[in-house]
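Enquirer: Encoded as structure tokens, here's the structure I'll be asking about.
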């Protein structure tokens, strides 16, 4: 890639700044950490690796980066692409081979969505590998739009107010998951991926499936943003400004014991005295 134009330079700086802010705000990476960067071969994980490598150079702390890709034995998977790219970058990497493709195809009926099972199998394998190599953090490439989409998916289909946290201790208690792109929007990531010409590997197992619930929600949010620019960003900010007393979760707020405060001064104006 040659010299960047003004707009391209602004794009790169914006992604680096937002990723740096997310890392700092949630204390994602600490001195001495070994960060396992999970690469799928998609635009998000390539961008995440790119910004983390820059952060590694300029951060006041020292941390390791190890790139990991999981070869799920999908037919036609281009095994050479990621190793060639990572060797050229000079990044330490591992390819974890696990035939989850056959498991998914065996358990999921033809035409049904494979994403959920595929994701669980992949996550479990990566958790185990992170433990084996002594990784202290596991970095995933989810961005702001993913987080907002997940929020609506959980609300619409599970009846929960839950999204993807920027930082999470896994259920096994032995892994801490971080999402450095939590503040970055998908449009910027796509533009940066096009600019950098990352060697994208398409997902032939689940990425090509139509009518996924997530795709429906994505299109809904995109339509909202076209009609009211900035709405997705506003929704994301709302996830950072939760007021439990204004919701209805009895586990988060003690509604049962709520009574009037006899000592409180009246806030109402006596209009008769005006």
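Even glycines carry a Cβ here, placed using N, Cα and C.
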Enquirer: Among 34-39, 40-45, 46-51, find the range that TrEMBL records as motif 'PP-loop motif'.
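Expert: Spelled out, TrEMBL records motif 'PP-loop motif' over residues 40-45, not the other listed ranges.
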Enquirer: Mind checking how the motif 'PP-loop motif' (40-45) divides into helix, strand and coil residues in DSSP?
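Expert: Residue counts in helix, strand and coil order: 3 helix, 0 strand, 3 coil.
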